[in-house]
Amino acid sequence: MGKIIGITGGIASGKSTVTNFLRQQGFQAVDADAVVHQLQKPGGRLFEALVQHFGQEIILENGELNRPLLASLIFSNPEEQKWSNQIQGEIIREELATLREQLAQTEEIFFMDIPLLFEQDYSDWFAETWLVYVDRDAQVERLMKRDQLSKDEAESRLAAQWPLEKKKDLASQVLDNNGNQNQLLNQVHILLEGGRQDDRD
């Protein structure tokens, strides 16, 4: 069984920067968001579940999901958010478990980028968990800029996940992304070489 490292963070904290860098270094890195996108394509397991629940109005003329509408339906209603988390969580976990088993056969070390790693209790899948951390104000600002959201909309999306401060206490390693990209990737280099960012383990 290969060594599996989980990568997590929050919306707009810089997870994908780390995941892309790891791929450039030759590592396999499963991106849970990309898996979700595949499952949400027409005919995918999540697509079918979402259309059955919300109805045809969430399908665009080209047959794809209307993601902005879907996000607003889910994020504006706590009940819908709860349903979405549960059903999507179950289907996604099954798909990720299959990918994990496949990679464990061939890879000495590989990574899985899972945004809700702690919230949905994936911790015991991993030998280590790396958290990409950024201060709350910077996170809100980056999210507003990236997705063209108002401050209230950005805050509402962040509220759907645990605060990064809470995740910080649970992670094996913390990658600080309050600086620039080079500083972030330098920390990844140190971990890949077996160094330790801190002495908590």
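Note: Cβ is positioned from N, Cα and C throughout, glycine not excepted.
As annotated by Swiss-Prot, domain 'DPCK' applies to 4-201, with the evidence given as sequence analysis. Marked as ATP binding site by Swiss-Prot: A12, S13, G14, K15, S16, T17.
DSSP assigns S16 (ATP binding site) to a helix. Other residues of the chain with a Cβ within 8 Å of the Cβ centroid of A12, S13, G14, K15, S16, T17, the ATP site, are G9, V18, V132, V134, N177. Mean pLDDT across the domain 'DPCK' (4-201) comes to 92 in this model. Sorting the binding-site residues S13, S16, T17 by the number of other Cβ atoms within 10 Å puts S13 first.
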